Amino acid sequence: MSCARPNPTAAPATATLRQCLAGRDRNTMLANKECQAALEVLQESPLYDCRCKRGMKKELQCLQIYWSIHLGLTEGEEFYEASPYEPVTARLSDIFRLASIFSGTGADPAVSTKSNHCLDAAKACNLNDNCKKLRSSYISICNREISPTERCNRRKCHKALRQFFDRVPSEYTYRMLFCSCQDQACAERRRQTILPSCSYEDKEKPNCLDLRSLCRTDHLCRSRLADFHANCRASYQTLTSCPTDNYQACLGSYAGMIGFDITPNYVDSSPTGIVVSPWCSCRGSGNMEEECEKFLKDFTENPCLRNAIQAFGNGTDVNLSPKSPPFQATQAPRVDKTPSLPDDLSDSTSLGTSVISTCTSVQDQGLKANNSKELSMCFTELTTNIIPGSKRVIKPNSGPRRTRPSAALTAASFLMLKLAL
């Protein structure tokens, strides 16, 4: 259910808990009996499992309720936080088919390599009224210089970017953001999509953990970052390195962070290597350097995100293939009966046919049956079979302990040898 849906039973507890969390840490909050009682009420209410939908009308209100509940339950700051958004079940198959037209997949390779797919994406946006309007708006705002020392109003630029990526269908925004490139001019246009001089770059790079802490003070930014980690965190248990092999979820989460302090972008104009990162570094991390590097590598060295961007640009979608069937024990191949066998012979009589074919070969070769060597050969090949009614296999080279054949088998063997004379 949505966290923004009216819930008269839990509303008083929600309001109380929001007040309890304002300016207090968790331990201080729980020391207050009224705050603790409100938290217990919410844990037992349907709101405990509520989620929000990105771009919904009351998104901020929904997220405020979600974090009021879950921050009260969290002991300390977690590295990866659960996403407050509903899971993405849609796939990119339709968008990928459209993207393949622009990326040249299946077209003449000579034409495909010469085409600037990012320029084609911008032209496609201009043919859609909504896309053209919101794109023109953020370009105008992000390029507007405030003063000689202030190149733009970053806050307004971020807001305009958020409106573009939240309100324009992804079949347009993804083409501009994840277009495939064969040359540096195309890759630079892709990097310039979000007007990085205003929305991304700054005079100095802050520490990544400081940037993350700043992001987590804002409910929207915190939610988008948590959603990115939930959908793009590298997984080595899946085919694509993405959770549930869902490229749509990862690309949507990445685009959802644009327009916040944590905004990511391409680090250079390389057409071959895809590396994205927030505008931050791990300098000055002290004893938190390992955690900082881990956070940064979720962007710069993330196989899930890289595969998703490349797959979109190539117009391919491995998600369309059916999931592997559950593991089943391998069954031994069925051995058909030899056509020459009589119909009334069952599998249990196969030993007899082996005895006949092995021992009658003595007659075919004209060997003397009373020769001990030939007799031994006949017995040896006979005893390599499984005795009917037993699971033991009698091995010929088992030395003095070799099991002697049964009386019935011995009699049958001498009978066959006698007939061979």
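Using the three backbone atoms N, Cα and C, a Cβ is placed for every residue, glycine included.
Per-residue pLDDT, averaged across the domain 'GDNF/GAS1' (3-74), gives 75. Positions annotated as domain 'GDNF/GAS1' by TrEMBL: 3-74 (among others).
For the domain 'GDNF/GAS1' (118-198), DSSP puts the residue distribution at 59 helix, 0 strand, 22 coil. Per TrEMBL, the feature domain 'GDNF/GAS1' maps to 118-198 (among others).
Annotation comment: TrEMBL describes C118-C179 (among others) as disulfide bond.
Sequence-distant neighbours of C125 (disulfide bond) (same chain, 6+ apart, CB under 8 A from its CB) are C131, K132, R135, V168, Y172, R175, M176. Feature annotation from TrEMBL assigns disulfide bond to C125-C131 (among others).
Cβ neighbours within 10 Å of C157 (disulfide bond), excluding its own Cβ and spanning all shown chains: 25. TrEMBL lists C142-C157 (among others) with the feature disulfide bond.
Annotation comment: TrEMBL describes C152-C198 (among others) as disulfide bond. Other Cβ atoms within 10 Å of the Cβ of C198 (disulfide bond) number 22 in total over all chains.
As annotated by TrEMBL, disulfide bond applies to C181-C186 (among others).
Under the heading domain 'GDNF/GAS1', TrEMBL lists 208-304 (among others). In terms of DSSP helix, strand and coil, the domain 'GDNF/GAS1' (208-304) has 52 helix, 7 strand, 38 coil.
Per TrEMBL, disulfide bond is recorded for C208-C280 (among others). Around the Cβ of C208 (disulfide bond), a 10 Å sphere holds 26 further Cβ atoms from the protein chains shown.
The disulfide bond feature in TrEMBL is assigned to C215-C221 (among others).
Take the CB of C250 (disulfide bond) and look out to 10 A: across all protein chains shown you find 31 other CB atoms. Here TrEMBL flags C232-C250 (among others) as disulfide bond.
Annotation source TrEMBL lists disulfide bond at C242-C304 (among others). If you take the C-beta of C242 (disulfide bond) and look for same-chain residues 6 or more apart in sequence within under 8 angstroms, you find N231, C232, A234, S235, A249, C250, C304, N307, A308.
Annotation source TrEMBL lists disulfide bond at C282-C292 (among others).
Positions annotated as region 'Disordered' by TrEMBL: 317-349.
Among the features that TrEMBL reports, compositional bias 'Polar residues' is placed at 317-331.
What TrEMBL records for 338-349 is compositional bias 'Low complexity'.
Here the Cα atom of C208 (disulfide bond) is found 29 Å from that of C186 (disulfide bond). Nearest neighbour of C215 (disulfide bond) by Cα distance, taken over the disulfide-bonded residues C152, C157, C181, C198, C292: C292. Here the Cα atom of C186 (disulfide bond) is found 30 Å from that of C282 (disulfide bond). It is C282, among the disulfide-bonded residues C142, C282, C304, whose Cβ has the fewest other Cβ atoms within 10 Å in the structure shown.
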